[in-house]
Amino acid sequence: MDHLPMPKFGPLAGLRVVFSGIEIAGPFAGQMFAEWGAEVIWIENVAWADTIRVQPNYPQLSRRNLHALSLNIFKDEGREAFLKLMETTDIFIEASKGPAFARRGITDEVLWQHNPKLVIAHLSGFGQYGTEEYTNLPAYNTIAQAFSGYLIQNGDVDQPMPAFPYTADYFSGLTATTAALAALHKVRETSKGESIDIAMYEVMLRMGQYFMMDYFNGGEMCPRMTKGKDPYYAGCGLYKCADGYIVMELVGITQIAECFKDIGLAHLLGTPEIPEGTQLIHRIECSYGPLVEEKLDAWLAAHTIAEVKERFAELNIACAKVLTVPELESNPQYVARESITQWQTMDGRTCKGPNVMPKFKNNPGQIWRGMPSHGMDTAAILKNIGYSENDIQELVSKGLAKVED
């Protein structure tokens, strides 16, 4: 297979990934492959571009490094072109409502007839099967969080609240990426393709597991946090200093002992409620939990963030300032690791945003291209799989493909 023009880089160089999906979850899966060196083809509807394009800046990050194909993959010759593309594809990711592709005739079995080694990742809100009530429903970030038990655990004691920005989309997209790579590893051993059913609510169920395990195995419901503080443990969570906010984790025998000296509670060490060797202070079960919070709040409020960070570094207590977005660029750790970078958009503008992550030492990822325009690479992709200029023009004339204007 001849690859589309692009630099060779990263741990996934030579891999062809195709995805069909809009907005965040499915495309995020594909875009991670693209930043790690895979050749990634983004399929868009012919008549309507991906709705993410209406956003002024985010698409320049979420669709960088991609090849844009505008094709009606469900109809006539457009379907034929799509299936021909699948013959040279390693991984196909689709994000839709339940078994939407199967309902329209593109089943796993049809895809495997064209490529027996194909890895297929289906990403949906409620999965490819289950009850009719749920399987075909649309789902976004908040839907998956609400249905999974994740949302009810977040927010304040007075009201649950979703975790933003779009947590379920990113967790689900990354799950699709890792699952597809796991499947590909097995396919290369067996030469037999794989189909993966990723339900967003199940991803969030797994991500929300920590406190739920106490309910499943004992009926204990975890309370939601109060003003950003850990629902169970004193000295853990969000706290206000004289000039802003920090997060901290008061964990460890020595850390608790030294911190208690600073906040005037050293006399509690070694009591039945806080015996020697205590590593965490339970804010509910320990009768002194509220007092610890009260004293810690007062001590922190009387000190600046810089003073707190300096003292906690001496005590080996984990803490960090809650950075504002404008503070990120100048933070020395961000600068040292080039966590924020710049790249050129297709129309020549400079775009700034997060760099490729994680950092591979021997085969690093890179940004080689901005977001392509709608249908920008349609002709090149179709030529790559054997279509002539006349074939492409015929698809365009029938409304089955769109090429760049």
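Glycine too: its Cβ is placed from the backbone N, Cα and C atoms.
Annotation comment: Swiss-Prot describes Lys97, Arg104 as CoA binding site, evidence class sequence analysis. Lys97 (CoA binding site) is surrounded by 14 other CB atoms, counting those within 10 A of its CB over all protein chains shown.
Per Swiss-Prot, the feature active site, nucleophile maps to Asp169; the stated evidence is sequence analysis. Annotation note: Asp169 (active site, nucleophile) sits in a helical segment as assigned by DSSP. The Cβ of Asp169 (active site, nucleophile) has 24 neighbouring Cβ atoms from other residues within 10 Å, across all protein chains displayed.
Recorded residues Lys97 (CoA binding site) and Asp169 (active site, nucleophile) have their alpha carbons 14 Å apart, per Cα-Cα distance. Counting only the Cα atoms, the space from Asp169 (active site, nucleophile) to Arg104 (CoA binding site) is about 25 angstrom. Of all the Cβ atoms in the protein chains shown, 13 others lie within 10 Å of the Cβ of Arg104 (CoA binding site).
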